[in-house]
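Here's what Swiss-Prot has on this protein:
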- Gly78, 81-82, Thr86, 88-91, 106-114, Ser118: 5-phospho-alpha-D-ribose 1-diphosphate binding site (BINDING)
- Gly78, Asn109: anthranilate 1 binding site (BINDING)
- Ser90, Glu223: Mg(2+) 1 binding site (BINDING)
- Arg164: anthranilate 2 binding site (BINDING)
- Asp222, Glu223: Mg(2+) 2 binding site (BINDING)
Amino acid sequence: MQDYIERVTGGADLTVEEARDAARAVFEDATEAQIGALLAALRAKGETEAEIAGFAQGMRDAALTIEPDRGPLVDTCGTGGDDYNTINVSTTSALVAAGAGAAVAKHGNYSVSSSSGSADVLEVAGVNVEAEPESVEACIEDNGVGFMLAPVFHPAMKAVIGPRKELGMRTVFNVLGPLTNPAGADAQVLGVYDADLVPVIAESLSHMPVERALVVHGSGMDEIALHDATTVAEIDGDEITEYTLTPADLGLERAPIEAVAGGTPQENADDLEGILTGDVTGPKRDLILANAGAAIYVAGLADSLEGGVEVARDAIDSGAAKAKHDALREA
């Protein structure tokens, strides 16, 4: 560990395997001082795609994992930490994608970028967010959707709580959540809090067992946006394609960011329920259609992003998305 600290402090980059080994040390035997020193040195130098991938692999190595007999598995977990307090997009989108027929292994946590994260909203809605791995695996197999709370599946992360809190700044761990799905998701829509991270995270994903993914940043949002353009890196096997996406490309209208503002966990849960029942329409529904459509697209259930939006609309209007929400609550 000391060797890694000295090298990174000196400006050297770690390989994927070295970063993976450093992560192992962080979770197993490094002191808090060593952990803090390494994280600070990486931040000062700037984490490379290989280092992020290596840390993600090391975090997966230490995780409790599941292997649902369903596939391809899709996740909509993003980094959080964006500039806006919106409705909870990733969770609602995941339920809509599940309603469209995707097998969803939703990875999430409590709030980072909004008043309520995935776990906050689902907990208020009556979902057992702290379900053990075997229960989540069965839920995905039986219902086509399950929620994996990060602290339950990544107990080794306790080792970095103290150092991260004392450092008081973003570290490599701020981007690892979406890269460490405990079910080994095959397809992802992965929102990031900074546009500069889009190509970096896309390259990091190339080291992970993901077949299809969209890494997105929507003009300040870690989601596909309606208020402005979205920067996208699309991963399809070994190929990465970068482009810009507008609401018009999806057949949707632009809307100001204020139109999709979030609130308390209860208010966000009410919006989630309302979108799924059809009682909430307009920009909030459209924002979910955009992001659920992307998940449907990477799951292979639509030939285009705009086609994914149409499938998402049908999943809501038919009641299928609401049925998935009910099944998750009853599991």
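Residue numbers in this text run from 1 along the chain shown.
Glycine residues also receive a Cβ, built from the backbone N, Cα and C atoms like all the rest.
Structure coloured by features recorded in Swiss-Prot.
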residue	record	Cβ contacts under 8 Å, 6 or more apart
Gly78	5-phospho-alpha-D-ribose 1-diphosphate binding site	Ser90, Pro178, Val189, Leu190, Gly191, Val192, Asp222, Glu223
His107	5-phospho-alpha-D-ribose 1-diphosphate binding site	Asp75, Cys77, Met148, Ala150, Phe153, Gly177, Pro178, Thr180, Asn181, Pro182, Ala183, Ala185
Asn109	anthranilate 1 binding site	Gly80, Gly117, Ser118, Ala119, Leu149, Ala150, Pro151, Gly177
Tyr110	5-phospho-alpha-D-ribose 1-diphosphate binding site	Gly117, Ala119, Asp120
Arg164	anthranilate 2 binding site	Leu39, Thr171, Phe173
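His107 (5-phospho-alpha-D-ribose 1-diphosphate binding site) falls within a strand segment according to DSSP.
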